[in-house]
Amino acid sequence: MNPVITIVGRSNVGKSTLFNRLTRSRDALVADFSGLTRDRHYGKCRIGERAFICVDTGGFEPVAKTGIVAEMAKQTKQVVAESDIVIFLVDGRLGMAPQDRVIADFLRKTGRPVILAVNKTEGMQASVVTADFHELGLGEPFPISSAHGDGVRGLIDDALDSLGVAEPDEDELVNDPNRPMKIAVVGRPNVGKSTLINKLIGEERVIAFDMPGTTRDAIEVPFERNGKPYILVDTAGLRRRGKVFEAIEKFSVVKTLQAIADCNVVILMLDAQQDISEQDAHIAGFIVEAGRALVVAVNKWDGIDTYVKERARLEIAQKLRFLDFANVHPISAKKGTGLKDLFKDVDAAYAAAMAKLPAPRLTRILQEAIEHQQPKRVGMGRPKLRYAHQGGMNPPIVVIHGTSLSGVTDSYKRYLEGRFKDVFKLRGTPLRIQMNTAKNPYVDADKGKKGKKR
């Protein structure tokens with residue numbers, strides 16, 4: 001699973017600036033998805049080929065007893081407990097503050113790995129600006145500048161190295177179709193996730209509770225269906241202590257995001273009896289950003305009348321319109337209605353996500369799309385899209401080569417995406433398009449000639 005790195009520190013030390021720098025690719029990735037709601041506190045990041053989940057937290061006061069500050073501290077303590085490593089950010093310009101010592105004391109007691117990062121050190125001598133922070137007893141302080149990016153790559157590399165997160169091998173970068181498909185069942189508390197898993201596997205392997213938010217730990221349940229192996233990942237069930245299952249009081253966003261990042265297909269469960277919430281949209285947004293194949297299950301459909309059903313359909317279409325690539329299934333997890341069609345779509349979505357797209361056919365589709373509608377002119381010229389090939393699976397990635405491709409608009413990319421998906425019948429999976437502008441050998445040659453002395 002993707003490791004979780006949490007950024008903590010007192011207010012105004014630059015936590016959000018660091019978070020935004022680490023997740024910049026995430027913002028760019030989803031900018032053209034109309035209506036997509038993003039959770040500002042959680043982001044999927046990548047350094048080279050190493051992926052991780054980053055968590056931003058509010059100003060941390062671990063000893064606060066009441067009010068909103070205490071509630072923020074409670075949330076931060078929970079996410080620290082679920083993290084693989086913590087980056088403790090302090091302000092190098094203002095120097096040591098009493099609150100820094102309080103936070104350091106708390107972090108030592110948690111037993112979580114901690115890297116002390118001294119922010120806002122641009123233009124300052126590292127040995128001087130970090131000197132005071134040695135007394136916190138959290139190892140060698142790491143000087144960085146979140147605003148300028150100085151030292152950030154080294155900081156994250158050190159964090160991932162300390163966790164033993166290596167660059168994935170060639171085989172790990174390619175999805176193995178011989179491995180069991182891994183399905184993550186996700187959704188906000190009490191929508192019936194564990195009930196669905198119980199019904200799919202036909203036994204009480206995961207005990208369902210009728211109380212919102214029951215586990216921090218994703219439980220993997222291997223099973224077979226029609227002779228085919230699967231693994232179901234439940235992020236809603238319970239934690240096991242020996243032979244006893246114990247309900248946990250709080251829904252875990254971190255475990256949900258890890259399960260999404262680690263699976264092949266996501267079943268997003270919604271409650272037909274409740275409005276689409278901001279939390280529903282946040283989870284849906286992360287699924288899109290992770291590029292996962294998706295099927296939407298609207299649970300408790302049997303318990304509502306025709307008017308409420310129509311309203312639910314309309315609300316999903318409006319509030320989750322960025323999920324238009326996925327099929328929506330009304331189900332009853334308790335009674336088992338609608339599950340046969342749901343699982344057919346799970347298989348179909350996985351097949352679409354793993355589809356092989358031959359380069360000659362991709363190029364032909366590209367050329368036909370251009371003949372039907374050319375990209376808009378940029379200045380005096382027009383982007384030239386010459387050929388395409390597949391660049392990855394799960395999700396499918398189409399790499400387009402040509403010249404002046406920086407001028408291709410987001411709307412034209414969506415147009416091309418639709419053409420590729422229609423021809424290959426890719427339903428249930430996002431499709432990514434990458435533009436690769438070719439170098440002009442004549443321009444490069446001219447530059448070389450100008451540099452020569454006669």
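The backbone N, Cα and C atoms fix where each Cβ goes, and this holds for glycine too.
The annotation domain 'EngA-type G 1' is assigned in Swiss-Prot to 3-167.
Taking all protein chains in view, 26 other C-beta atoms sit within 10 angstroms of the C-beta of G9 (GTP 1 binding site). Residues annotated as GTP 1 binding site in Swiss-Prot, with sequence analysis given as evidence: 9-16, 56-60, 119-122.
Among the features that Swiss-Prot reports, domain 'EngA-type G 2' is placed at 181-354.
According to Swiss-Prot, the feature GTP 2 binding site maps to 187-194, 234-238, 299-302. Take the CB of N190 (GTP 2 binding site) and look out to 10 A: across all protein chains shown you find 17 other CB atoms.
Annotation comment: Swiss-Prot describes 355-439 as domain 'KH-like', evidence class sequence analysis. In the predicted model, the domain 'KH-like' (355-439) has a mean pLDDT of 92.
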For K193 (GTP 2 binding site), the number of other Cβ atoms found within 10 Å of its own Cβ:
29
Counting other CB atoms within 10 A of each CB, which of the binding-site residues N12, T57, T121 comes out lowest?
N12
Based on DSSP, tally up the residues of the domain 'KH-like' (355-439) by helix, strand and coil.
32 helix, 24 strand, 29 coil
I'd like to confirm something. Which of the binding-site residues, G9, N12, K15, F60, T121, has a Cα closest to the Cα of N190 (GTP 2 binding site)?
F60
Minimum Cα separation from T121 (GTP 1 binding site), reported as the residue among binding-site residues G187, K193, W301 that achieves it:
G187
